[in-house]
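Chemist: For reference, the structure I am asking about is given below.
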């Protein structure tokens, strides 16, 4: 039996998670996965119930699970809370508690939504990128850090640091991912300037010897940012550190022009969390307008990475493609003046497109 912890969160979170749960339940029943799903609170919903964005019971639930599904957290309702108690802190603490060190973000162009991209169709038509970002090190967590005043002048400082074990474990994740794709991996660094990323390049090159079937290349981060716009289809797997990955994964997500379609996975040793990359969209919460496809595709990633159910992951992804082929659209991905369907209807359409009666 596999245990799944489900945190719907805030805003549109409960709606999109409910739609994704429909798909997961249908797959579970058809594939006899034996899943046990348990719901918990995180973010603003947890604040409302317990005055804590991540109650101890929620963290325990997540740590006992084989995988976590998250909807979205945050919203203006909780803006007045002090920073340490904001809904987003619940998400950060959850990631830290689970020791999630690898973030996987696909950026795939759906041919049915080609016109949604801000770039010309010929540039993005074949884009299918996976950004693998290290989550626990780098300048975001390095010490020392702080603000100080010296001789009457304010000074801020941060420390960029990685050790070789941190680099090696994220590199293995990226190379394994590349083996299941087009077998190309581009490691992004700034090795011409930063000693930290010089070590990064050395260790990634060492790890590459374990994966002779994967073609490794290296690229400086400034060039990578340019190439993502100039010729994005050249990339398969992009591997990079925390700060560079933070920036490049957001850039890559915009290539698609449809943030409501993009899932993500955060992986640790034996634990993982799956969530859409979009926010809680409180302006449309409770109106059956949200696009659940990113969350449904996050379920597909969970089937692939945590449940050893690759054929079913592919089947969910194919069902999403089939729904788009049928012309079904939520408001965020619909062309002006075309019909739209709601969150519930889109979830039901994906379940139907699984063709489980075949």
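Backbone N, Cα and C define each Cβ position, glycine as well.
Taken from Swiss-Prot, the feature NAD(+) binding site applies to 75-88, 279-291. For 95, 105, 133, 222, the entry in Swiss-Prot reads substrate binding site, with the evidence type experimental evidence. Annotation comment: Swiss-Prot describes 222, 246, 250 as Mg(2+) binding site. The site 'Important for catalysis' annotation in Swiss-Prot covers 140, 190.
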Chemist: Sort out for me which one of 75, 83, 87 has the most neighbouring CB atoms within 10 A, since those are the binding-site residues we care about.
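Modeler: Top count of Cβ atoms within 10 Å goes to 87.
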Chemist: Going by Cα-Cα distance, pick out whichever of the binding-site residues 75, 87, 95 is nearest to residue 190 (site 'Important for catalysis').
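Modeler: Closest recorded candidate to residue 190 (site 'Important for catalysis') by Cα: 95.
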Chemist: At the Cα level, what's the spacing in Å between residue 83 (NAD(+) binding site) and residue 95 (substrate binding site), rounded?
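Modeler: The Cα atom of residue 83 (NAD(+) binding site) is 17 Å away from the Cα atom of residue 95 (substrate binding site).
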Chemist: How big is the Cα-to-Cα gap, in Å, between residue 105 (substrate binding site) and residue 250 (Mg(2+) binding site)?
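Modeler: Each residue's Cα considered, residue 105 (substrate binding site) and residue 250 (Mg(2+) binding site) end up 9 Å apart.
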Chemist: Restricting to the same chain and to sequence separations of six or more, state which residues have a Cβ under 8 Å from that of residue 222 (substrate binding site).
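Modeler: Sequence-distant Cβ neighbours: 190.
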Chemist: Work out how many Å separate residue 140 (site 'Important for catalysis') and residue 79 (NAD(+) binding site) at their Cα atoms, rounded off.
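Modeler: Per the Cα atoms, residue 140 (site 'Important for catalysis') and residue 79 (NAD(+) binding site) stand 23 Å apart.
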Chemist: Between residue 285 (NAD(+) binding site) and residue 246 (Mg(2+) binding site), how many Å separate their Cα atoms?
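Modeler: Cα of residue 285 (NAD(+) binding site) to Cα of residue 246 (Mg(2+) binding site) measures 27 Å after rounding.
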Chemist: Determine which residues of the same chain, besides 222, 246, 250, have their CB within 8 A of the center of the CB atoms at the recorded Mg(2+) site, and list them by sequence.
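Modeler: My list of surrounding residues reads 221, 225, 243, 244, 245, 247, 248, 249, 251.
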Chemist: Run through the Cβ atoms and count how many others sit within 10 Å of the one on residue 289 (NAD(+) binding site).
Modeler: 18
Chemist: Calculate the distance in Å between the alpha carbons (Cα) of residue 79 (NAD(+) binding site) and residue 95 (substrate binding site), and round it to a whole number.
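Modeler: Approximately 21 Å lies between the Cα of residue 79 (NAD(+) binding site) and that of residue 95 (substrate binding site).
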Chemist: Check the Cα-Cα distances from residue 281 (NAD(+) binding site) to the binding-site residues 95, 133, 246, 250 and tell me which is shortest.
Modeler: 250
Chemist: Out of 79, 246, 250, which has the highest number of nearby Cβ atoms, where nearby means within 10 Å of its Cβ, if these are the binding-site residues?
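Modeler: Within the set of binding-site residues, the most crowded position is 246.
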Chemist: Counting Cβ atoms within 10 Å across all protein chains shown, which of the recorded positions 95, 105, 133, 190 comes out on top?
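Modeler: Of the recorded positions 95, 105, 133, 190, the highest Cβ count within 10 Å belongs to 133.
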Chemist: 140, 281, 285: which of these recorded positions has the sparsest Cβ neighbourhood within 10 Å?
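Modeler: Taking 140, 281, 285 as the recorded positions, the minimal 10 Å Cβ count falls on 140.
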